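Enquirer: If you scroll down you'll find the structure; I have some questions about it.
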Amino acid sequence: MFEPSLNTLTPSPIRWFNRLYALISVIGIFTLFYRHFRNLLYSPSVTIFSQLVADVVLALVWATWQAGQMYPVHRRVFPEKLALVVKEGGFPGLDVVVCTADPFKEPPVRVVNTVLSLMAFDYPTEKLSVYVSDDGGSQLTLFAFMEAAKFARFWLPYCRKYDILDRSPEVYFGNDPFLFPESYEIKEMYETMKAKIEEAVEKRRVSHDQITHRWIKAFSKWTSTFTPQNHPTVIEVLLERNEDKDITEHPLPNLILFHIRVSAAMTDSPIFLTQDCDMYSNNPKTPLYTLCHFLDPKVDPNLAFVQFPQSFHDINKVDTYGGQHLLEIRTNIWGMDGVGGTMFMGTGGFFKRQAFLGTPSSVGPSDISEAKTHRVEKKSIKSDDILALAHHVAGCRYEENTKWGLEMGFRYGTLIEDLYTGFILQSQGWTSVFCDPERAAFLGSSPMSLSDILLQSKRWFVGFLEMVFSKHNPITYGFKHMDPILALIYAHYDLRPLLAISIVIYSFLPQLALLNSCSIFPKVSDPWFGLYAFLFLGSYAKNLVEYTMAGGGLVKWWNNQRMWLVLGVSSYPFAVIDWVLKSVGLSTIEFNVTSKVLDDEITKRYDAGLFEFGVESPLFLTISIAAIVNLFAFLTGVVVVFKNGGFEELFGQLFVAGFGVVNSWPIYEAMVLRSDKGKMPVMITVKAIGVALGLCLTQKGTIFQHKPTMVEPSLTTRTPLPIRWFNRVYALVIAIGIFALFYRHFRNLLYSPSVTIFSLLVADVVLALVWAMWQASQVNPVHRRVFPEKLPLVVKEGGFPGLDVVVCTADPFKERRLRWLTVCCL
Ligand SMILES: O=c1ccn([C@@H]2O[C@H](COP(=O)(O)OP(=O)(O)O[C@H]3O[C@H](CO)[C@@H](O)[C@H](O)[C@H]3O)[C@@H](O)[C@H]2O)c(=O)[nH]1
């Protein structure tokens, strides 16, 4: 029987290019390690050891990133075919949970907009319930939703009637679309509601005259002992679909305030969506795209969630802080999808409820219509027993001695509950898919100040470190429980904070060495320099290709790589320090909610592409120190090279310092050229200059051996022969062939051991060894020339060293001749 396919999955052809690039780079990386080890062996030094450590960490993070490039896929969905599979009345129930935590960092008007846009999904309202979970326990939130429930009666039918696309009223009216007869009236209602909510937030309380009789009892819970941490359970049904109708007598979706488990007790829909409070719906058809996965006749019964990307409406044209996370959200995620599971991003994830109750084998049937827990759908959500059950499960003692947070529901105990929860689900055998419709499903806000973005990243990175050092480490645990490639991709995120080691080393070591005229990279004419150039340019070029394919341009890419460096000397090392302090019990780390409050001046500066400093954050101090050291080293290096020469030897360091300087431009600008409120605080600049100069002046002659770079007349030249490239390529190709042959021998030995195979292996190993030794002499053939005419520049004739000439005659007694030669040498 023909079964309509609601989605398709196609492997991306770019995977072949990715794999080839990875193979060539791996060879390059191992060659570089060989050089480091050889140097360490023959002339061990702190500098070489630091370079080795930096490069090993870089290589680890790079390699785990490549895992996400091995199996990229693309998906398409066909919502127009849904009707062939299920009638609208047969759609599964959908619970939407929106979380908010602080009405002063997350303005209730914005949360209301998010919720209204979700209530207005193109989905049967009798199947839809929206929950608002307020961790801040604020009466301002309740008041805002009381008002929102009234406005919804007008807004939802208006969206339906005119098939409006922007279903967040703020966005819709912000675009000035007065096309329909009711538009003015609806806008006025919205503005009135907005003003009321904002007035209450400004006064920080809800006055009695703003509360209608029906809500007095609800607000009476906010007594003098009520605090955000300690308060009675508050569950309020603001709209109930069986009772509340919009102005066209169409049922409204349920709208309920408070806790996530409450949704299982009240509506128990098979699918639920979790949403950040700022992530409004930008595409009303999003739930239909989700159904294209959950209701596909060939659906994987273990499918746990469908993830939509996090997209942002307020990123400036050049994405100054790399806030779009294009590489993570639009590139790597497809690589995860190709091996069985995209990560959960904390928002925009539609879950099958059953996935939170246990492993696929323990929870039984996985048909979406069966994916319920309490089976309470038929009763009114205002009935006493449902409300009693909801209060019971919402109570904070409910979880004690249960599996909630450990083996069920969202997994606690980390600052990255989203990534962690997705990882655990996938290690239990659940799968997930990524869905990226052309019109973004959801749009949220991204921080506009540097300190907000650095603090947010630091929180994530502490969370990643918690995961690395837990029993759920992606390598030790992941390798056993999921596709190893997927485990490696998770490992990439968890290892990222360790990049602090590499970026800090490369932000200071070559620069300080430059100040000592001490060369730590090969000189330009040295073949090893080519290897450095290949690895650096290759990875940057590949990164640019990935970024462009993800939808970014050159300027955005540049800003993104700059943020990578900025994070490397701020959020990454601070996350490591925070994690260490927390691990030894010297501090606790809390979830600091990211501020979503818009400040006009900050927005203006952000839109102009300026970095927003403004506050005295220790995170800015380290960035500034690195920027000043790079500038000082670069300028000193240029002067030294002009005075004494040595450009070839010092080029590598001049390049690294120069690269640091170019990337640090916004920091110098904020220190010296800007006078607005977002400039670098003077105290940070002063402290940074003090520390940087102290560092540059006090390290002289410590770990760096001073090597004068004065030009000396060269009496000989040594030119590598071009044939070496041919020799090397030949050796490389044959070496790959030899390894393939060995692989065959070993496999044969393993599966059908015999004397013949063993003898062949021994013979080939010996041949290969002798061959490899001979190739060693072909790798770097050189040609030498001497310039006797330049000798007077170095030494006068009178200063020539003495020269003894020994003439040998044939001697029947060889030993005697040797004895004579030895005597001469003495
Ligand atoms: O104690 C808390 C803290 C936060 N939130 C809500 O969680 C959401 C995310 O918080 P936010 O401060 O915006 O964190 P971000 O770092 O911007 O969010 C990203 O990172 C979080 C942690 O990994 C994920 O939870 C989010 O979904 C993801 O968008 C917001 O709706 C908050 O209201 C709560 O409900 N309770």
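Yeah, the Cβs are placed from backbone N, Cα and C, and that goes for glycine too.
So TrEMBL says this about it:
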- D135: active site (ACT_SITE)
- D418: active site (ACT_SITE)
- K105, E106, D135: UDP-alpha-D-glucose binding site (BINDING)
- 16-34: transmembrane segment (TRANSMEM)
- 46-65: transmembrane segment (TRANSMEM)
- 498-515: transmembrane segment (TRANSMEM)
- 527-543: transmembrane segment (TRANSMEM)
- 619-642: transmembrane segment (TRANSMEM)
- 654-672: transmembrane segment (TRANSMEM)
- 684-705: transmembrane segment (TRANSMEM)
- 725-743: transmembrane segment (TRANSMEM)
- 755-774: transmembrane segment (TRANSMEM)
Enquirer: Taking only same-chain residues 6+ apart in sequence, whose CB is under 8 Å from that of D418 (active site), what do you get?
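Expert: M343, F344, M345, G346, T347, G349 - these are the non-local Cβ neighbours of D418 (active site), listed in sequence order.
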Enquirer: Can you list which of the recorded positions K105, D135, D418 have their Cβ under 6 Å from some atom of ligand 1?
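Expert: The ones that qualify, in sequence order, are D135, D418.
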Enquirer: Against which stretches of its own chain does the transmembrane segment (725-743) lie, if we need a Cβ under 8 Å and a gap of at least six residues from its ends?
Expert: 27, 761, 764-765, 768, 771-772, 775, 778-779, 781
Enquirer: Six or more residues beyond either end and a Cβ under 8 Å away: which residues meet both conditions relative to the transmembrane segment (498-515)?
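Expert: Long-range Cβ neighbours of the transmembrane segment (498-515): 47, 50-51, 53-55, 57-58, 60-61, 521, 564-565, 568-569, 572-573, 575-576, 626, 629-630, 632-634, 636-637, 650, 652-654, 656-657, 660, 695-696, 699-700, 704.
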Enquirer: Let me spell it out: take the transmembrane segment (527-543), skip the flanking residues so only those 6+ beyond its ends count, and list any with a Cβ under 8 Å from a Cβ in it.
Expert: 21, 24-25, 28-29, 31-32, 35, 62, 327, 521, 557, 561, 651-652, 720, 724, 780
Enquirer: Let's check the environment of K105 (UDP-alpha-D-glucose binding site): how many other CB atoms sit within 10 Å of its CB?
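Expert: That number is 14.
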Enquirer: Please report the distance from the Cα of E106 (UDP-alpha-D-glucose binding site) to the Cα of D135 (active site), rounded to the nearest angstrom.
Expert: 12
Enquirer: Between D135 (active site) and K105 (UDP-alpha-D-glucose binding site), how many Å separate their Cα atoms?
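Expert: Computed Cα spacing between D135 (active site) and K105 (UDP-alpha-D-glucose binding site) is 13 Å.
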Enquirer: Using other CB atoms within 10 angstroms as the count, which residue among the recorded positions E106, D135 scores least?
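Expert: Fewest other Cβ atoms within 10 Å, among the recorded positions E106, D135, is found for D135.
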